[in-house]
Each structure stands twice: as structure tokens, then as C-alpha cells.
Amino acid sequence: MSILTRIFGSRNERVLRKLKKQVVKINKMEPAFEALSDDELKAKTQEFRDRLSGGETLQQILPEAFATVREASKRVLGMRHFDVQLIGGMVLTNRCIAEMRTGEGKTLTATLPCYLIALEGKGVHVVTVNDYLARRDAETNRPLFEFLGMSVGVNIPGLSPEEKRAAYAADITYATNSELGFDYLRDNLAHSKEERFQRTLGYALVDEVDSILIDEARTPLIISGQAENSSELYIAVNKLIPSLIKQEKEDTEEYQGEGDFTLDLKSKQAHLTERGQEKVEDWLITQGLMPEGDSLYSPSRIVLLHHVMAALRAHTLFEKDVDYIVKDGEIVIVDEHTGRTMAGRRWSDGLHQAIEAKEGVDVKSENQTVASISYQNYFRLYERLAGMTGTADTEAFEFQQIYGLETVVIPTNRPMIRDDRTDVMFENEQYKFNAIIEDIKDCVERQQPVLVGTISVEKSEELSKALDKAGIKHNVLNAKFHQQEAEIVAEAGFPSAVTIATNMAGRGTDIILGGNWKAQAAKLENPTQEQIEALKAEWEKNHEIVMKAGGLHIIGTERHESRRIDNQLRGRSGRQGDPGSSRFYLSLEDGLMRIYLNEGKLNLMRKAFTVAGEAMESKMLAKVIASAQAKVEAFHFDGRKNLLEYDDVANDQRHAIYEQRNHLLDNDDISETINAIRHDVFNGVIDQYIPPQSLEEQWDIKGLEERLSQEFGMELPISNWLEEDNNLHEESLCERIVEIAEKEYKEKEALVGEDAMRHFEKGVMLQTLDELWKEHLASMDYLRQGIHLRGYAQKDPKQEYKKESFRMFTEMLDSLKHQVITTLTRVRVRTQEEMEEAERARQEMAARINQNNLPVDENSQTTQNSETEDYSDRRIGRNEPCPCGSGKKYKHCHGSRVARQ
């Protein structure tokens, strides 16, 4: 600690000192607010809104608003906000993260900033990690907010459009992070203003902010449509992978390996060796999937390479019951941070299909991205962002760097007395499991409840089998049993209860020492007062037993890659000043040790074990683990930052497209825009055939006439114009062509009416924009996947990505203009008379077909011989619509046949 810190305190201490002065103000107001009637207290909401309209700021009314919420909470919920919760609420009104320990009442704390900021009328979004927590928190706080005249909405999957709009229209909306992100994307795929759900993104309060903004940061939200089906190719390539042999190290000048592929466990990537490439190519040729003499890395075989690499990763880097589970014939992803299943989510780049083929379930079609955004960029759209969690301080630097959020550690209401014991290391996993079981036995005998944290479904099941063998009764909470989550967590605090939980499954629900009597009462149908009193008495007895036994004991079966996840596990114990203890059991076979410690350190540690099954505790061990975790955290931070830098490029483009799209939706008349881009398009076309500042000999008039005819359906005698007028230069020529195009367009508009044409313009523009944006996203995906190869040419991949994506984006915008004008210029408008005439012609032709039994042309649905004879006698203009009703011009339809005859 520096001398300045000793004198002035840390930044966190200085912030807390300042906020405590506000707490004193709020506490002084309490007697006055207690004296208010319910109606007077309710009237405060309108008073605050009026004061804000009159020019006061949120900070000026904060003390009174917080005093109002505290008093209303006492009357409605029977809960009074502690001083530390008031501090937490003040932190959350700014762009800050409040780190509040488990059990300190984050749900109640959130009511303070939500009420205050909702007074502005812009809407408040309270973001949770799952549907259960969104519903639970909304229902818990709804009576309080409604008492104060605030409406509450819940936005979860499965709502109807009307329910969703009502949820977003509420003053305070509880929602999951994924649903908010997807609704944003859906709004930007809407075809009318009425289809949109979200209003201005004003204030988001993110619960478990570390889980959403850090753990989920690398997960993009994608709305997709089906691409072409290549499931058979995945099934075929799947048969190849088991024959490939792993090579421990990559080939170098000194080392030439014997294997077919190498693995990078840190980044979860697989690479074929030269030998592996030859083996794969031989197999593909044998199977008839690739012609002889071709290479897997040739541009024409890029799809095959994509399938091979996806299958290789599926077999070597993704484990069943660790990364995913198979449920009801489907592959369901398991969240590596929470241990929860993520139904509905699929891995991209063909990985999900490759795993489906590996597990022998139905292989679904690949998807094409229609719209996407990362959580990082979605939450940065909010005017105000704040978050709460029990563990943020370890990631404070990242929150500041990426989101501009300062982390403030809120003191606990009561001192924390949990006993965090030194880690214990064993030589192998079996010795470690033996020690864990002995620790659990000791706790069960003393009637102390135990929560055992594992890092995967597989490990939780291994430990469960070992406990069954030892005759220890226990509950398992992992991705396979998540439906019973609330029930298992409610029982985890009973005396002698043993609960195995994958990572942080059950996070968001407190483990109450002695069990949860309210959860037991909820199981009873219409419980009597006597039954409730009996449950309370039973709980008090159990609570006393558990307190004497030392509170909840936490056992970690191995260290996670992140210190934050370890702290979350420990944080389940010692809530609100309760006793508790924690200990991590480790082995040299743990993933963290194998992947992130070099062989030299591992060998040194192996030599330290001289007796089989002995445990090792030392300060050096703690340093080694801290060093490994710091490396991993830095690696993942760099990965997230790198991803954001790439996504920022796409984000700028996304912002521009969505802004343009919203402008289209909000305006019923875009004729000025159409006129402007018509000029641009014709100028661009003419410049290709008549270059600016060029000599007349360089002009390609014939080419220009053909282009205007083919693309825009305009038959213009430009050669004649030039012969008739020697002074006609490129600018005046362009003006004349645009004038004619506008004149023809106005004639069409006169036929259908102004409103119909405006509606049509808007529809064409939206449809073309959506189609081109979808194609652009696919191109960006391909560019992103291969851009790292530019590094071999001594070029910076990020800079190259920026340049290439900008070029692609400008090309897309040019294509948008061109396609819109082409469509609008070529569109045919039929008058009522033409439609009636075409119908008569069809009926006549049908009668002749019936009489003569002549063959029918599939395209025009009319006979060839009779129609040419029929129409040759009539005087029809070459550019008029063919009366047969085919939709083509007469010269391109039956007129051409007349000419041939």
C-alpha cells in the first residue's frame, strides 16, 4: 500500500465516504416520511416527475426518492433498506458496478435506482440471466412499484407481440439478456413501425453483470435463416476422424512428428499436419468426395475443408457431458461458466452439425446469419448502464476498459466471518476424491451441510458415484437435473445435507442455513397456520444445529480458470454474517494444471510427493495457482478485446444500416431519397460508357444503349441525339436520360396513384436492403474466418479486415442503389383495360386449345401457332406489354415469333 493510499484511502474508500454523507441525509428524512399517509407517500411519484419537468436533476431528488422507496418497502414488503443497500443504490444510479456479497439483498437494492431513473419516463430494463429470476424478481418487487404508481413488465421468451409491447411500455421491465438482444435484432428486421417492440434504450441495470458482460461477451446473438442442406457431407466426413492420430507437438525443423493433427487446448482449435492432410485427401478421393490430384486447401475445396475441420474439432475438443449433453435426440450446449443448459443455442461454423453427426443424432441444416450483435455492443447502446454482482473486483479493469464502468465494492451489512482454508494439492484425481469424501463424511457426522462445486456434468457424476459407493446420501444439481434447481437449493442448508453442483448452478438463489421453510410451505396445498408455525419451529431448530456445526461448508473439486468463478462458489457460504467455511481440493491432473503449467513445473511438483496419497499445502502452491489463473484471465481478456475490435467494425456498419432502416420505417414518403439515388445510379452507369472529361472517340454509345435497354428497359436513340445535336456533352446527356426516366416513372405513378407508389417504393427499398445486408453478413463471416492468413504476408489482419470490410460495405450500398432503381424502373404497371384485355386473350386461347387440342407453352400458357397468327394482325407497340399476359414486353414475347415468321 502506497503512502498516499494510507493517508487518503483507496479510490473505493473515498467513493464510499462521499456516499455515506448522502445516507445520513436519507436517514434524517425517515421520521418525516414515516408520518406520511399512504396517499401522501404515493403522491410523491407525481411530485418528483413534476420537479424533473421543472428542471431539477435526478441527483437533486435522489435523497427524497430513496427515502420514499425505503418507506414504501417497509409498508408493502415488510423490508427496510439497510444503509449499505442505500449506498449500493446510489452507486447504481451512475455508470458503475456495485459488488455486493451473496445474501446482501441485491434484489431489494435494485428497487432504489429503478424507481429513481424510471421517473424520467424513458423506461428501465432490469436484466437477469434466466427466465426464472426475471419472473421471480418482478413478482417480488411488483407490489412495491405499483404502490408508488409505477408499472412493471416481464419480457421472457414465448410472449405474444401484444404482451411483449406491453412489457416494454412499462416503467420498469424485467427481462433476460438474450431476449433483450434478440428483440433489438427483431426490431431491425421489422417491416412496419407497428411491428417494433423496444423504445429508447435508456437505462439497463444488469444483475450478475460479470456473467452477462464477461462470460457471455464472446457469444454473439444471431437470428438466422436456413442455408443449403449439407447434412450428408457431415455424416460422411464423421467416419474419417476416428482414424486420425493426435500429434503432441507441432512440426518444427528440429521435431518432425508422426501424428495427423495437433490441438491448441487454450483456443480450442485443431490443425492438420502435412501427414494428416495427405491422409484426409486420400480418404476423400477414395470416397469420391474429391477428384484425384486436387488439394484440400484449393479454393474450390473450401467447403470440404470446412467440414473436415468442424468434424475434427467435434471429436477432439468437445466432450459429451462436459461441453454438451444429448437430450431427446438433440445436442444441448452446457454453459461452461454456470453449468446450465442453453436450450435453443447452437454452435456456429458447422461445429454443431459435426457434433450431431458424431453423436448419431439427426443432423440439422446449417443456418445463414440474417442479423447479429454481440452482448458487448448491445449493452453499449444504452444511455446509462450499471450492474450488480457478488464478484466483480477481479474483472474491474475489463469493465473499465470495455464498458467504461467503475467497480465499487459495497461493505457488508454484518462482518463476514467465513473461514477460507488453504488449498490442498494431491498427486492424482483418485487421491483427491478420497480426501473429498473423507471431508464430506466428517461434515455429515457433525450435521454440517456441504456444497460441493464441480466444473462439469461428467465430474459431478463421477463424484456422485463415489458418494453412492461410500453410502452418503446427496443431491446432484447439474445441467441434466436443472428442472429441480430451486428445490435442491432450498434443501441445501439442511443439517447433514450434501449437494453437488456444477460450477455455479443455483446462482441467484440463496442457500438458507437450516433449510428454506417458505419453500416447504409452498409445497403444501392451502397450509394452515399451525402447519406454517410447525415448519418455522422446525427451521429454527435446524438453523441452530447448522450454526453450531459451523454453517455451510464449501468444497471446490478443482480451481476454475477464473478466480471470479472460484469466489462465486465460496460466496455461497457466510451470507449476512453467518458462519461458514471453504476449501479447494486440487490434483496435478486438473485441467488448469495440465493446460497452463509447463512440463518443468509439473515435474517439480510431482517430485514433491514422496508418499502415496499425501496432501500438499504451501504458499508456493497458492502462488503457482494464482499465476496460472492470471495467465488464463489475461488470455481470455485479450480474446474478448480482440473480438470486440473486430465486432466494432461490423457494429459501425450495423449502426448505419439500422439507422437507414429505421428512417425508412418512420417515413411513409421516401420519394426524395429515390430521386437522389436515381441520379447517382444513372450517373454511374453513364460514366462507365462516357468517362468524364473524355473525347467523343472514347465514348461507347452502343454499349450504353444496350445497357439501358437490358437493365432499365429504356429504349433510347442516343446515337440519333448526338447526330442531331453536336453540343450534347456528357452532363447534359445524363440530365436528359434522367429526365426521361423520371417522366416514365411519373407516368406509372399517375396510373396507380401516389400513395400506392410511395408504399411500393418503401417495400422495394426495405426488401432489397434486407437481402443485401444478409449477403453482406455472410461475406463478413467468411472474411473474418480467413483474415488471419494475411499475417503470413506481413500485414496486420485487423487493418486488412477494416479495409476489406469497408470496401465490401461501400459495394453493398452501391448495389442497393442500383437494384432499387432497376426494380422501380423496370416495374410494369397494368391499367384496368390492359388486365381485362389480357384476360379476354387468355379465354380465347383456352377455347382454341380445347377445340384443337394443341400443345401448350409452359411459360406463356398459350399455344405457339395460333397466338402468332392471332397477334400478327393487330398493331401492338414493340415495348407494350404482350396481350398474352406473360408479363413480358411484346418484342420479347410473341412479337419475336411474328418477326421470325
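Note: Cβ is positioned from N, Cα and C throughout, glycine not excepted.
Sequence-distant contacts of Asp510 (ATP binding site), defined as residues of its own chain at least six apart whose C-beta falls under 8 angstroms from its C-beta, comprise Thr102, Gly103, Arg575. Summarising the annotation, Swiss-Prot assigns ATP binding site to Gln85, Gly103, Glu104, Gly105, Lys106, Thr107, Asp510 and lists sequence analysis as the type of evidence.
The Zn(2+) binding site annotation in Swiss-Prot covers Cys882, Cys884, Cys893, His894.
According to Swiss-Prot, the feature compositional bias 'Polar residues' maps to 849-866.
Residues or ranges marked as compositional bias 'Basic residues' in Swiss-Prot: 888-901.
The feature region 'Disordered' is assigned by Swiss-Prot to 848-901.
Neighbour count (other Cβ atoms within 10 Å of the Cβ, all protein chains): 17 for Thr107 (ATP binding site). Mapped onto three states, the DSSP output places Thr107 (ATP binding site) in helix. Taking the mean position of the Cβ atoms of Gln85, Gly103, Glu104, Gly105, Lys106, Thr107, Asp510 as the ATP site, the remaining same-chain residues with a Cβ inside 8 Å of that point are Met100, Thr102, Leu108, Thr109.
Around the Cβ of Gly105 (ATP binding site), a 10 Å sphere holds 18 further Cβ atoms from the protein chains shown. Sequence-distant neighbours of Lys106 (ATP binding site): residues of the same chain at least 6 apart with a C-beta under 8 Å from its C-beta are Gly88, Ala98, Met100, Asp207, Met388, Gly390.
Around Gln85 (ATP binding site), a 10 Å sphere centred on its CB holds 27 further CB atoms from the protein chains shown.
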